[in-house]
């Protein structure tokens, strides 16, 4: 059993002086901004001390322990409002920042890092705050001020943040962190260093990292995950061993693409109608905004592909799949009407999936995608009209996608509102076309199965032929029989004019 670390981000709704949340602190935003500024000033002072210390000759330096103690006491002296453990976190974080950047600073490759006065986070050790649930209110009890300061202010050392916990997943995490003495130790979560931080819109958040036990998933090579690059959905996946599925909507991609296209047209029109002052600086300067836009689009695509690849591999690990089957991308844009596939760097996505899967010991197999969207994953019947629309699949032979089926036991019946087998609720089956394709792709050796079926029925199929022994196979760069690499690649099928 291992451990993993994640974090939850909770918006602060209000701050109170008591755990019952009856005495409201009206100036809490101003108080947090002041504390954030104190943390930034103390952190910058520590960084300057570290720079001065390591700039001195070694024989003139005090011990590093004495240096860190001096930094701590200077922080407390500069801002007595800060609790000792908060001051300690400031010193430790400054040390980490210095260690990461010291070499680059002395080489004059970067300037001295600084904490921003307006957005520096307030860091608190995990033993000076706790989570409280009072009826339906979620509260974080924080020791925000030192004892010396609280005596002068008369408001106490602790503040109570009322936070927004809106979804069931976050509520479950909050409850598990709060109940440290969980009955099942395998489900207990341990809180980490709390950060209180303001975003660029001026809203305050509590970021709570937590550690939780993870069980090592045993990957089974016979469990296969099929990944379909679809039209209705950008990416859809299914498994050969279960009915579970997942998908990624390509809406954000289309939105970004339209925004970039509109911006590019706008810039081109500006260049076209610009005055002589701009044109006189040469072509390179005139086209610089378009180049910047192209770089932005490239970075967005790279980020999205990383995110998609991570989600796909994580889904495979969660289901214990030792194999991921994806479509062989050669010629795929010529055989589909998907704008996503034609305009997106899907080869880069495939490469990222392969690399991330390799890190976890998962094998990635590229299969020939022919007829995977037209084949019924239940009975194997291949027919173009099976896909009644871009998003709906209905098999013309077995009725998959148009049957009446029980939700509980999946019994198929002709009519009725109640299952004849278990008495459960029945409803008409709706099958997503991309899910059916992903289910086909998750079948081991699916391209070979489809090729043999096509040859049997006389359906045209783009197969690969070995020049040495004449063996015909669905995909691959080497012959499955003789191992020769001298194979005849099929020509791309193009739509008739």
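Backbone N, Cα and C define each Cβ position, glycine as well.
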Point to revise | Which listed span Swiss-Prot calls region 'Linker', if the choices are 215-223, 458-466, 467-475 | key: 215-223
Review point. What mean pLDDT score does the region 'Linker' (215-223) have in the model?
Key: 86
Review point. What's the CA to CA span in angstrom from residue 228 (active site) over to residue 379 (Zn(2+) binding site)?
Key: 19
Review point. Hey, does DSSP put residue 434 (active site) in a helix, a strand, or just coil?
Key: helix
Study note, to complete from the structure: In the three-state DSSP scheme, residue 228 (active site) belongs to strand
Exercise for review: Report the nearest neighbour of residue 434 (active site) in space among the recorded positions 327, 379, 398, comparing Cα positions.
Suggested key: 327
